[in-house]
Amino acid sequence: QVTDLLFLDSGKKLVTCSKDKFIRVWDLDTQHCLQIVGGHHSEIWSMDVDPSEKFLVSGSADPELRVFRIRQSAEEGEDWNKWDALKLFGEIPRQSKERIQTIRFNKDGSLVACQVAGKTADIYRILDETEATRKAKRRLHRKKEKASAKAAAAEGNGSVIDPSPAQDSQNPTVVVTDVFKLLQVLRTSKKICSVAFSPSNPPKGCLATLSLSLNNNVLETYSVDNEKVSKMYSVEIHGHRSDIRSLALNSEDNLLMSTSHNAVKIWNPSTGDCLRTVDSGYGLCSAFVPGNRYGLIGTKTGTLEIIDINSGNSIDVIEAHAGSIRSIVLIPDEDGTVNARGFVTGSADHDVKFWEYQLVQKSDSDTKHLSVTNVRTLKMNDDVLAVSIGPTGKHIAVALLDCTVKVFFLDTLKFCLSLYGHKLPVLCMDISSDGALIVTGSADKNLKIWGMDFGDCHKSIFAHTDSVMDVKFVPKTHYMFSVGKDRTVKYWDADKFELLLTLEGHHAEVWCLAISSRGDFIVTGSHDRSIRRWDRTEEQLFIEEEREKRLEETFEADLDNAVEDRYGQKDDAPDEGSVGVPGKKTKETVTATDAIIDALDTAEEEEKRLNEQKKLQNTGEGTKSKPNVIMQGHSPSEYVLNAVSSVRPNDLEQALLSLPFSDALKLMAYLKEWSLIP
């Protein structure tokens, strides 16, 4: 596995390091390896070169860094090998015993930071030639003083000491420790993920500005000087420290509420600014109270938290359920608007509870604040995973752990419909704005679209390659969005049962989504701790083009995971130092292979025609036959050569390797004739 790479000599050379403990230098013009450098005793994880391309520093799990000199010109030194680009300068002992993770030089090459896979980063200063020579002279002077003292002590004892070889004190040999000097050791409270020097000029009085990314999603920036490393500032508030479990937009679409492990954050969805951060429990679901002044949070411990949006404070915590609260849904009016009728919560304690708002006044305060009271409870036979209410408040749908969805009349709580067919529990659902359709998403990777009148399943769609985590209709339409653990967001037409778009961007499971009231943007939250906003554009969408694009992607994926690769005999791993083919089958290489095969078949037919014509002419029985128009007057050999020459050089090797054995033999028959072409 190649762990790092960089360019040298204005992009003419490429240097790579790998877990095989070697550094390789490649010539990009000839695409050959010029030099293989060993010396490391463990896997090499990172390397970097200074801006002047004088030094290359590499790091591994060894207790020292290895520094290499970079060849500056073809005439430099007689001790250089003709083709070598790197030469070992020396080794620098490290402070930490953990393996190196990142090595980075600053803008002017005067500092290098070596970050380990832990909580420390060593910062070294690179001395210029004058300072390095001065340091070497001091080192020699101290060495001479020690040798003189040792010789004097030996004379007193009557012993003889072999004199060490003398060195020129005016032109001493500069070693790596004379050039690289440990400046500071930076220690943090959390594990460091990556480091980077600022490319801009540092503030007055410091050598450089260094930024760190920590594994708790915090960014810290330090100023580096000769005396110490000082923290300048840190970015801690913006962004969640854990995965986002729920999202909710207010009625005006100008506030976004997100919940995670221990915090609720209020965002401006237009600018992406974090407006408030409120400490809370593990929020699994959330909703804005009508009026947009308060927010409701359902937690994993079964508590219902009410937060004040303006002040960013938690004003009440209610012990609502004995199990985790999985869903919060506001109760709409008959005209479809959401007013102060209350809301419904569904929990793992088998209860669906109905709540109403009320204003209460604390004994120690004159002001009133919002609270809620439980007015009805619907008992279920299994864990409640999701709850949805129709737009007119006529029906309530409850998804249970037994893989079914029960639909009740909201006013009387009498049973209405049972929706069954999923093989695994339903994790999410939504009812369309006209109340005609209900869509359910399950851990069985399927979306099912049902009619609300008779509970019949209109269509079952294999929607995602992993569990479907959330699904919502676009308001006043039958279009819908779904998200899943396969890291994708998908856009559907629920009337035609067609996939319109697949949106990729998240790096981990997507847990939740929220859609604006006008449907002009959606917001998704993921296990990668990011919140992404997707805007609707004015660009026209052609379903056929999207379908063809998906087919091409599927085709290329099948090429990468072909049956012979999955079930055929596996090749042995190449030996160390051997060369493998750096390519794979793609759509272009398959097309090129087909073109070569067609050319070989056409040339074979033409050769047969020419041979038959020659026989007939020799016997005097035949007349001249018409040549093949496709060959455009070329001979069979020239025609095949043109077909091979038309393949891009990058695809040629893989295209030739993909030829069937019989066609490869046909192609080889032309090689002798081609070799005679001047």
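A Cβ is built for glycine as well, from the same backbone N, Cα and C atoms used for every other residue.
Computed from a predicted structure; not experimentally measured.
Feature list (source: TrEMBL):
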type	residues	note
REPEAT	1-36	repeat 'WD'
REPEAT	37-78	repeat 'WD'
COMPBIAS	135-145	compositional bias 'Basic residues'
REGION	135-169	region 'Disordered'
REPEAT	237-277	repeat 'WD'
REPEAT	318-356	repeat 'WD'
REPEAT	419-460	repeat 'WD'
REPEAT	461-502	repeat 'WD'
REPEAT	503-535	repeat 'WD'
REGION	565-584	region 'Disordered'
REGION	608-632	region 'Disordered'
COMPBIAS	616-626	compositional bias 'Polar residues'
Open item on the list: Which residues of the chain, 6 or more past the ends of the repeat 'WD' (1-36), have a CB below 8 A from one of its CBs?
Closed with: 42-49, 53, 56, 58, 60, 68, 70, 83-86, 576-577
Task: Beyond the flanks of the region 'Disordered' (608-632) by 6 or more, those residues with Cβ under 8 Å of it - done: 602, 639
Open item on the list: Quick test of the contact rule: Cβ under 8 Å, at least six residues beyond the ends. What residues does that give for the repeat 'WD' (237-277)?
Closed with: 216-217, 283-288, 290, 292, 295, 297, 305, 307, 309, 312, 338, 508-509, 511-518, 521, 523-531, 533
Task: For the region 'Disordered' (608-632), residues assigned helix / strand / coil by DSSP - done: 15 helix, 0 strand, 10 coil
Task: Segment confidence, the repeat 'WD' (237-277), expressed as mean pLDDT - done: 91
